[in-house]
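J.: One structure is given below, represented as structure tokens, and several questions about it will come after.
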Amino acid sequence: MSELTLTVMRLGFLAVLWLFVIVAVQVIRSDLFGTRVTQRGSARRGAPDRPQQQQQRQSAPPPQRQQSGGRGRRGAPTKLVVSEGTLTGTTVALQGQTITLGRAHDSTIVLDDDYASSRHARIYPDRDGQWIVEDLGSTNGTYLDRTRLTTPTPIALGAPIRIGKTVIELRK
Amino acid sequence: MSSSTTNTTTISTAGPPSRRNTELAMLVFAVIIPVFAYANAGLALSDEMPSGMLSYGIGLGLLAAVGHLVVRKFAPYADPLLLPIATLLNGLGLVLIWRLDQSKRLAQRAESIGQVFAPSAPNQLIYSALGVALFVGVLILLKDHRLLQRYTYISMVVALILLILPVFFPPRFGARIWITLGSFSIQPGEFAKIIIAVFFSGYLMVKRDALALASRRFMGLYLPRGRDLGPILVVWAISILILVFETDLGTSLLFFGLFVVMLYVATERTSWIVFGMLMSAVGAVGVATFEPHVQQRVDAWLDPFAAFKTGGSDQIAQAMMAFGSGGVFGTGLGQGNSDLIGFAANSDFILATIGEELGLAGTMAILLLYGLIVERGVRTALAARDPFGKLLAIGLSAAFAIQVFVVAGGVMGLIPLTGMTMPFIAQGGSSVIANWALVAILIKISDTARRPAPAPAPTTDAEMTQVVRP
């Protein structure tokens, strides 16, 4: 076998061996730099998260809805206020996220209220930025003003939403 | 409006949890490289493609495929690098052993001392297959690494028996580290290192608080209490006894070093490292003064080239010359003279062949591959959620790292030579089988560690919602 062929093979083999090492290091790079920082509390504009990442994220809020048109609209509510019940005085800033209400520990507002269900109701903005309240099949029902909700209903500013002994309303 | 709360962030890992396809791609790569090396060595040695190339490639490929399929089924979230790197090292080892089998010098040497020169590569391929079989067995039978925790003290007894047993068998090559059964011999120390790691992690998991917290501060060091010092003294004494009765420097160094590393990891106290270093230094110097076999090794280490004048074993000198003549890029596979080392050229001294024929570049690549296995082990330990798994992963990777250091350092003349094998590469059945089992346990731990956390259990509210009765 000619000297040249052997030299080429020798150097080629070393190159392939090192290529393997480099590829291996590339594979573990994701472990070294593989943390992602997710902004919470504000509407995310990035690509939607993959499901397993959502599973890994601890204490992450429920999936947020992109709010395209309605933000900053005049007259839009900016906060949710609890006006009656054990949580009186609690406010939650409305930033396009879904707010869940109920006795379950992972609710946005955990109600300490014997008459509320684990997952009682949720409040979310629709595509136009209009806030909607929806009853999630609760035992005692959700009332907007005096009427018991049967379908997702838009919330007027200042209208009382009653869940058990708790009353909440949206304010500017 | 939204700027008020944007400083709250969530940090999570980005990589997808299962990297099985990455592993498959790396495995294909890891099978092709040794086949290339085989062709290269064959062309250089006999000017033609080696006859067994196809069957050899298929054999290695089959082993890799079986390993991969079992990992896919039984450890789907395991680390993607451990199996490919182990396969590559095992494959390269087979090529190097085959290459040394072709050496006329080694054949002549065996005949001159009245032995039959038998090629080792076919046996090594069988041992590799047994190793992969054990790998598969561990992955299938060990449902959860935490089961090993139950056998903490049993594994201590088993490890001690394995370490003591070779004393009752005749020494081979100056060291009593083999159990000989007829024509068959086992090196129990290789298996003992895994079992002892199980014992240490089980023991330290329970005792680490006592070891870490109950200590007095003295001259900037935390001195542990006497009763906590007990186990370290026992392990130290046992490793010294191994050294004295079995004249096996490597195993005692591995055994003691492993315990010190795990103590340090479990307690975060630097003082253990200082104590460990001091005690191993005292032990090593003491034994080196009294034990002639160890003394010889130290003399050969201090002046390797004296063997040419006084006539002794010139292995270390030959190994150093092999490294030297390899240079940066090496002489090429099959074109070196590392077979001048003679005895144990394809086991303890196989790194010298790598150094000569692949040069500094190849040696560094191989050492980096070992480093990557250790890194994956440490990474697994960081990611593991249970303390036992953490300690076991650290222990196994530390055992692996210490073994590579001890044998590579010995061959390169950095420390006195000890009888240990390069994991996966060196010829030797016990070593290759035990290291496949070690990698299997690491893969099992990494599977548990990288598995996405289970979804939080649905809230079971203690009280039922009261119904409003109008």
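Counting starts with 1 at the first residue shown.
Positions of Cβ are set from backbone N, Cα and C atoms, glycine also.
Just so you know, TrEMBL annotations never went through curation; they're auto-generated.
The region 'Disordered' annotation in TrEMBL covers B:450-470. The transmembrane segment annotation in TrEMBL covers B:24-41, B:53-71, B:80-100, B:125-142, B:151-169, B:189-206, B:227-245, B:251-267, B:272-290, B:349-370, B:391-418, B:424-443.
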J.: Among B:125-142, B:189-206, B:251-267, B:272-290, B:424-443, point out the range having the most Cβ pairs under 8 angstroms from the transmembrane segment (B:80-100).
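T.: Stretch with the highest Cβ contact count: B:424-443.
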J.: At a C-beta cut-off of under 8 Å, are there same-chain residues at least 6 beyond the transmembrane segment (B:349-370) that contact it? List them, or none.
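T.: For the transmembrane segment (B:349-370), the sequence-distant neighbours (Cβ-Cβ under 8 Å, at least 6 residues beyond its ends) are 85, 88-89, 92-93, 96-97, 99-100, 315, 318-319, 322-323, 325-339, 341, 400-401, 404, 407-408, 411-412, 422-423, 425-427.
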J.: Under 8 Å for C-beta pairs, could you tell me which stretch among B:125-142, B:189-206, B:272-290, B:424-443 has the largest tally with the transmembrane segment (B:151-169)?
T.: B:189-206
J.: Assess whether the transmembrane segment (B:125-142) lies in contact with the transmembrane segment (B:424-443), where contact requires at least three Cβ pairs under 8 Å among residues 6 or more apart in sequence.
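T.: By the criterion, they touch.
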J.: Who are the chain neighbours of the transmembrane segment (B:424-443) in space, where the CB to CB distance is under 8 Å and they lie at least 6 residues beyond its ends?
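T.: For the transmembrane segment (B:424-443), the nonlocal Cβ contacts are 71, 75, 78-79, 82-83, 86, 89-90, 92-93, 96-97, 120, 123-124, 127-128, 130-132, 134-136, 138-139, 142, 145, 186-188, 190-191, 193-194, 346-348, 350-351, 354, 366, 373, 376-377, 380, 392-393, 396-397, 399-400, 407.
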J.: Go through the chain and flag residues at least 6 beyond the ends of the transmembrane segment (B:391-418) whose CB is under 8 A from any CB in it; none is fine as an answer.
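T.: Contacts with the transmembrane segment (B:391-418): 145, 148, 193-194, 197-198, 200-201, 204-205, 248-250, 253-254, 257-258, 261-262, 265-266, 294, 297-298, 300-301, 304, 315-316, 319-320, 323, 348-349, 351-352, 355, 367, 370, 373-374, 376-378, 380-381, 384, 426, 435, 438, 441-442, 445-446, 449.
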